[in-house]
Amino acid sequence: MSKKDYYDLLEVGRNASIDEIKKAYKKLALRYHPDRNPGNQEAEEKFKEVTAAYEVLSDSEKRAGYDRYGHEGASGGFQGFSSAGDFSDIFNDFFGGGFGGGASRSRAKRSTTGVSGADLRYDLEITLEDAFKGIQAPIHYVTNVKCDTCQGTGGEGAIKPVQCHTCQGSGRIRTQQGFFTIERTCTTCYGEGEIIQNKCKKCGGSGRRRDEVNISVSIPKGIEEGAKVRISGKGEAGTKGGKSGDLYVYVKIIFHKIFARNKADLHCKVPIRMTLAVLGGEIDIQSIDGAKIKVKVPEGTQTGTKLRCREKGMPYMNSHARGDLYVQVIVETLNPKNLTKKQIELLKALEEEENASVQQQSEGFFSKVKKK
């Protein structure tokens, strides 16, 4: 290591207080720490230098010797770390062991808490009639399920994993390079802290396997487009004893040829005869549940008029109430090619009557104008 000035390395003056030295070291240590600069040899060397400077300048006796005699006065420079623990004690004063993956000096056993499986999505198409009455929908999908041979342990004969002998269960390996301690992922257990001695032949040691799942999903009546139904525990299987994820079934309602839906209300269009529109009467239509209902058509109904049928729409979710059905009337015009002789005669008579009525109205209008 080059003999650089310790004060310059920490970017402080020679009269700096111990608090200023600590603050400067913390800033530089964070900047150059190997965990923040993986593979950067220059940063690693810089980290070693600022740590060596701090070890001397934070000790009043070593600092006094350094100020008077230079590096020789500080007992040969950076000699203070006789074990891997010495470096950790200094660095943990600042960061609480926040770097290096968290394995403690006592090599505490790595937590083997299970990992939950992923949630899954399934898109289900149903008819409007299905949404009206509610159904039990059979679905099937392929996902990772718990291996039934090893019961999810990954070991042959359902034998559970054992603690890794290389890292003693921590999942991390610490090596001492002079005064500097480097911590890396254990290459034996790949950071798991445990190993499977004899892997299950069916799942290859993963504890899971790909398989088809067949279940029945309850779709409640009144469900709307885009709504989702959650089935707990039917997602991807977890690992290391972790719980399975959930399955979310998203509902898509197929386009209906007759009814359009707006929440719990239904809308439809019904053609009626011109005479019915003029004289009024009743029409029979079929509702979404297949029942026939009578709809009253008032006299003088115009095209586009909406007739409301109360509580003949879709059911509300988790309720016995229903929305309304709106029937939009389309008044049909007469097709001259399909008229009978009698119908033509009646229309001519109607035309003569209308002309006479118009003539009387015109004469009355002009007589009023003349009087003025």
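For all residues, glycine too, the Cβ spot is worked out from N, Cα and C.
Here's what Swiss-Prot has on this protein:
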- 5-70: domain 'J' (DOMAIN)
- 134-212: zinc finger (ZN_FING)
- 147-154: repeat 'CXXCXGXG motif' (REPEAT)
- Cys147, Cys150, Cys200, Cys203: Zn(2+) 1 binding site (BINDING)
- 164-171: repeat 'CXXCXGXG motif' (REPEAT)
- Cys164, Cys167, Cys186, Cys189: Zn(2+) 2 binding site (BINDING)
- 186-193: repeat 'CXXCXGXG motif' (REPEAT)
- 200-207: repeat 'CXXCXGXG motif' (REPEAT)
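Cβ proximity to the Zn(2+) 1 site centre (mean Cβ of Cys147, Cys150, Cys200, Cys203, cutoff 8 Å) flags the following additional same-chain residues: Asp148, Thr149, Gln151, Gly152, Thr153, Gly154, Gly155, Lys199, Lys201, Lys202, Gly204, Gly205, Ser206, Gly207, Arg208, Arg209. Put simply, Cys189 (Zn(2+) 2 binding site) is 17 Å from Cys200 (Zn(2+) 1 binding site) when counted between their Cα atoms. Within the same chain, residues at least 6 positions away in sequence whose Cβ sits under 8 Å from that of Cys189 (Zn(2+) 2 binding site) are Cys164, Thr166, Cys167, Gly171, Ile195. Taking the binding-site residues Cys167, Cys186 in turn and counting surrounding C-beta atoms within 10 angstroms, the largest count is reached at Cys167. Helix, strand and coil residue tallies for the repeat 'CXXCXGXG motif' (186-193), in that order: 0 helix, 0 strand, 8 coil [DSSP]. Per-class residue totals from DSSP over the repeat 'CXXCXGXG motif' (200-207), listed helix then strand then coil: 0 helix, 0 strand, 8 coil. Regional average pLDDT for the repeat 'CXXCXGXG motif' (164-171) in the model is 90. Break the domain 'J' (5-70) down by DSSP state and the numbers are 51 helix, 0 strand, 15 coil. A Cα-Cα distance of 25 Å separates Cys150 (Zn(2+) 1 binding site) from Cys186 (Zn(2+) 2 binding site).
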